Amino acid sequence: MERPPVQHGAVCGPWDMKDRLGTGGFGNVCLYQNRETGELKAIKSCRLELSVKNKERWCQEIQIMKRLNHPNVVKACDVPPEMDFLVNDVPHLAMEYCAGGDLRKLLNKPENCCGLKESQVLNLISDIGSGIQYLHENRIIHRDLKPENIVLQECNGKTVHKIIDLGYAKDLDQGSLCTSFVGTLQYLAPELFENKPYSVTVDYWSFGTMAFECIAGFRPFLHNMQPFTWHEKIKKKDHKHIYAYEEMSGEIRFSTSLPEPNNLCSIIVDKIETWLQLLLNWDPVQRGGGIDCGRPRCFMLMDQIFSLKIVHILNMTSAKIHSFHLQPEESLHTLQSRIERETGISTCNQELLLEMGVSLDPRKPASQCVIDGVKGWDSYMVYLFDKSKTVYEGPFQSRSLSECLNYIVQDSKVQLPIPQLRKVWAEAVHYVSGLKEDYSRLFQGQRAAMLSLLRFNTNLTKMKNTMVSASQQLDAKLQFFKRSIEIDLERYSDQMAYGISSEKMLRAWKEMEDKAVCFGKAGEIHFLDETIMGLHTEIVELQRSPCARRQGDVMEHLEQRAMELYKQLKPRSPDKAYSDSTEMVKILVQTVQGQDRVLKELFGHLSKLLGCKQKIIDLLPQIEMTVNNIKEADSSLMQMQAKRQREIWHLLKIACTQSSTRSLVTASGETPITSRTSAWSDQSSPQALFSMLTSKDKGREILRHTIDKNTDYQKLLSNLILQTQTTMEQTSLMSMDFSWLNQ
């Protein structure tokens with residue numbers, strides 16, 4: 001007997017029921033929130049009276065869940081005490097709540113009708129593959145892997161996929177392998193479908209089927225048929241076949257390749273096809289590729305796929321994406337050579353920009369193009385520009401129509417069966433979304449060019465400030481130098497008639513004055529300053545231009561209309577056998593026209609950006625040369641100033657020497673010496689001495705002592721006069737060598 005479902009808003013202690021998350025074969029899963037703490041828990045409760053076997057299976061799921069701990073397997077948690085009671089003789093199961101919903105919800109979105117984006121596919125394969133390995137290592141087979149049993153959770157900005165619903169899981173430690181199963185048939189491995197013995201490889205089949213659906217938007221083998229129908233048709237397929245479809249004639253076709261369209265780059269497609277061939281092998285023994293180094297080969301190949309370093313480069317001159325598998329330690333130059341071979345743009349003309357407008361560093365390896373942890377060309381791109389071009393002609397030819405789309409465009413009123421129309425319209429939605437994404441990527445490339453321009457403008461501003469500062473300093477020094485040399489020349493003229501003079505020095509000073517005028521020309525930066533200001537104005541105008549902002553609103557609106565049409569078609573019953581594509585074709589045509597218009601504007605604006613950037617590139621060497629000239633002029637001016645100061649100090653030394661000489665001569669010259677000599681002669685004549693001796697009665701020794709003392713003094717005075725005359729002759733200004741002035 002079925003238990004009535006829990007009503008929305010039901011209260012269980014502090015826990016309020018907020019939402020019903022899902023209903024399974026035997027249970028309901030509801031979201032509860034604690035009013036006091038805000039904590040969220042997913043509570044699974046039994047809605048049916050179970051048989052003894054199913055009660056065991058229910059309790060087994062709880063036991064399995066409680067012992068598992070892996071980021072890609074949903075965690076069991078403690079049941080709140082208020083809910084710790086039996087329902088239909090089985091307990092509740094409390095689990096972590098994953099707010100992103102399940103994978104089926106994601107796949108059902110119209111934008112994913114032809115598969116998920118590459119980054120989403122790779123992220124999902126990595127997560128679910130890791131979860132399956134963990135279960136198998138713990139000897140647990142899930143047996144019911146499907147999109148409904150994969151939930152999504154945002155964690156630190158990254159989507160994490162978790163496996164849920166282990167109700168059908170088989171614990172290998174609990175007995176022999178079971179041969180009966182009642183899980184979802186569309187994802188069921190052939191041996192389970194046929195009630196044959198099975199192993200862990202049943203999860204490989206389900207995993208491969210689910211991965212294929214995430215890539216293509218539909219299951220790999222005759223997805224429109226019921227399992228009982230396609231099973232007989234597919235069982236004889238080759239082990240490398242990963243895709244089967246029915247043609248209009250009813251003939252079944254097999255393929256070893258993924259169908260188009262999908263969102264994978266060519267490098268990933270090749271690897272994924274090989275990987276799917278291992279998972280979708282009909283033979284359960286061969287499925288997974290056997291064991292290599294203690295691990296199934298399919299997981300070894302997964303590791304190889306996720307270790308690939310792939311750089312995706314958008315050629316802005318052709319709007320084409322080029323993907324390159326980087327070798328370990330590959331240099332940037334080697335990568336550029338490979339780019340040249342594919343694009344025809346020579347390495348010297350290649351400019352590779354990251355999303356933020358930063359140029360790649362040629363000193364670093366090519367792996368700088370790849371961010372660790374980021375996978376998929378839809379999530380990270382490098383933009384290629386041709387430096388030899390400043391005008392990008394665009395727009396370019398839109399992506400080509402598939403055969404199906406071309407068919408309905410040629411005749412939009414042709415009536416097609418609803419199942420076939422769904423596929424054609426899914427391709428139409430993918431095409432419209434693709435045109436919008438093409439524009440978005442090109443706009444991102446234009447934005448990278450703008451950011452690069454702003455970086456160049458920042459360098460230009462710095463160099464301009466350096467130039468202006470150097471020019472102002474030179475001008476100030478020139479003004480000082482000119483004024484000081486004017487004063488020096490005036491003072492020199494004033495004193496040369498009666499003081500020191502030198503024609504060589506005067507000529508040298510006047511030459512300095514002339515050179516200073518020439519140095520002033522080095523500091524003339526008005527033309528460059530005006531040019532730079534004009535570029536600044538041009539850049540501001542480019543930033544303010546409407547083309548600097550996304551112009552894809554019309555395309556986004558058309559994309560939404562295409563998705564709405566597809567959504568309206570999807571639930572229609574096949575009983576309404578046929579319909580035309582008139583409305584969808586209108587959207588296709590309008591989208592192509594809209595893309596052509598916005599691309600014309602985009603490439604026109606991009607050409608202006610690149611032209612402005614080239615002006616800066618051409619201007620930078622001129623500024624650098626001007627700064628160097630100013631610095632050289634500044635240095636020469638300072639050398640002249642220092643030289644002139646040395647001359648002035650030398651003149652001062654001469655003047656001081658002459659002044660000292662004159663003072664000495666004045667103090668000990670002829671007149672004083674004569675007077676002193678006369679006085680001495682008067683006092684020292686023999687008659688006076690004898691008179692003094694007579695009058696004062698002095699002895700002969702006193703007389704001799706006095707005569708000797710005066711004789712010494714006379715010699716000293718004579719020597720001093722001789723030295724003064726010699727010094728004056730040696731320091732005569734007119735006889736000096738002024739050749740050092742020209743050094």
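These residue numbers are counts, starting from 1, taken along the chain as shown.
Cβ from N, Cα, C; glycine included.
Values in this document were obtained by computation on a predicted structure and should not be read as measured data.
Per Swiss-Prot, active site, proton acceptor is recorded for D144. Around the Cβ of D144 (active site, proton acceptor), 25 further Cβ atoms fall within 10 Å across all displayed protein chains.
Mapped onto three states, the DSSP output places T23 (ATP binding site) in strand. Here Swiss-Prot flags L21, G22, T23, G24, G25, F26, G27, N28, V29, K44 as ATP binding site.
As annotated by Swiss-Prot, domain 'Protein kinase' applies to 15-300.
Looking at the region 'Leucine-zipper' (453-474) alone, the prediction's average pLDDT is 92. Swiss-Prot lists 453-474 with the feature region 'Leucine-zipper'.
Taken from Swiss-Prot, the feature region 'NEMO-binding' covers 736-741, and the record attributes it to similarity to another entry.
The list of residues near the region 'Leucine-zipper' (453-474) in space but at least 6 beyond its ends in sequence, with Cβ under 8 angstroms from a Cβ of it, reads 357-358, 519-520, 522-525, 528-529, 532, 535-536, 539, 542, 609, 612-613, 616-617, 619-620, 623-624, 626-627, 630-631, 633-634, 637. Cα separation, L21 (ATP binding site) to D144 (active site, proton acceptor), rounded: 19 Å. For D144 (active site, proton acceptor) paired with V29 (ATP binding site), the C-alpha to C-alpha distance reads 17 Å. In this structure, D144 (active site, proton acceptor) belongs to neither helix nor strand by DSSP; it is coil. A strand conformation is recorded for V29 (ATP binding site) in the three-state DSSP classification.
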